[in-house]
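Taken verbatim from TrEMBL:
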type	residues	note
TRANSMEM	7-26	transmembrane segment
TRANSMEM	38-58	transmembrane segment
TRANSMEM	79-102	transmembrane segment
TRANSMEM	114-133	transmembrane segment
TRANSMEM	154-172	transmembrane segment
TRANSMEM	178-196	transmembrane segment
TRANSMEM	216-234	transmembrane segment
TRANSMEM	246-267	transmembrane segment
TRANSMEM	279-301	transmembrane segment
TRANSMEM	307-326	transmembrane segment
Amino acid sequence: MSVFERYLTVWVVLCIVVGIGLGQAFPGAAQTIGSWEVARVNIPVGLLIWVMIIPMLLKVDFAALGEVRNHMRGIGVTLFVNWLVKPFSMAFLGWLFIRQWFAPYLPADQLDSYIAGLILLAAAPCTAMVFVWSRLTGGDPLFTLSQVALNDSIMIVAFAPLVAFLLGLSAITVPWDTLLTSVVLYILIPVVLAQWLRRALLARGQAAFEAALHRIGPWSIAALLLTLVLLFAFQGEAILKQPLVIALLAVPILIQVFFNSALAYWLNRAVGEKHAIACPSALIGASNFFELAVATAISLFGFHSGAALATVVGVLIEVPIMLLVVKVVNSSKGWYESGTSQH
């Protein structure tokens, strides 16, 4: 892991402090940047999201879809958890914690927005960091690559209807035109651009491609951090009034990560899949495409929304919690293999 990736939580905390400070010192500047919109899409944030997402998508090789048939049990488990369990379990946890148990401690006018942000966070699996988690667990690289390629293919067509359905179940109004615009801007166009750029770079050779990935990688993290500074410049007032909000929003996110990673890990063991498949499956199953969630939350609900804040909490806890999952699956290898040896 790079320094940026390893200490992402530290950088996010710094962004919170800097963003809130700038928002309090220069409230007019923050409002001006927030007004630069076309069709409810903030132009500065849109450009930052592209810089953030495209380097990640460069790592995705859709040719790896041919490997799917070689890992059908692991692929099946991961798809089940990613698309049929995680989004729905998060919608339930959001309702249970935000609308029921934590409601007295949260601003009443933001409850639906917080739930929407949690749903957006869980509606698409991670694309980039899972390669790091897989490597740290000794995961099968071909499985990881094929699973990510398949998830990204599904995401192009499933993200919008899944989000709309879950928000509808939660009685949250969905502006369909803005949601579809977000899919085109933050999924479809970046995928096309990344694959075109990937081919162009690979035409120069694998070494040139790897060197290019190394050079542009920090741009992705820098764009994420700058987006967070902007976001907290808008959210500062609300956070200063109710600092407990971030901790409360973290609870359902933590539970869903532990639940879904454990479920995927156990299911892989139950069907007799190798540990090198189960580890990345568990991590992909629990992961969130938080960059997409942040972008979509801002487009749908705005900088000031509880939805945008909820997605950022996902960014805040992503690295430490996933590193904990990595430690658990690594340390439980003996237990895992004692249960699969009979298959």
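Placement of Cβ uses the backbone N, Cα and C atoms for every residue, glycine included.
Against the transmembrane segment (279-301), stretch 114-133 has more CB pairs under 8 A than any other of 79-102, 114-133, 154-172, 178-196, 246-267. Under the criterion of 3 or more C-beta pairs below 8 Å, with sequence separation of 6 or more, the transmembrane segment (7-26) and the transmembrane segment (178-196) do not qualify as touching, having fewer than 3 such pairs. Two recorded stretches are said to be in contact when at least 3 C-beta pairs lie under 8 angstroms, sequence spacing 6 or more; the transmembrane segment (38-58) and the transmembrane segment (178-196) meet this definition. A Cβ distance under 8 Å defines the sequence-distant neighbours of the transmembrane segment (246-267), meaning residues of its chain 6+ beyond its ends; these are 77-78, 80-81, 85-86, 89-90, 93-94, 96-98, 102, 105-106, 114, 117-118, 121-122, 239, 278-279, 281-286, 288, 309-310, 313-314, 316-317, 321-322, 325, 328-329, 332, 336. Within the chain carrying the transmembrane segment (79-102), a Cβ under 8 angstroms from the stretch's Cβ atoms is held by residues 111, 114-115, 118-119, 121-123, 125, 150-151, 154, 158, 162, 166, 169-170, 248-249, 251-252, 255-256, 259-260, 263-264, 267, 281, 284-286, all 6 or more beyond its ends.
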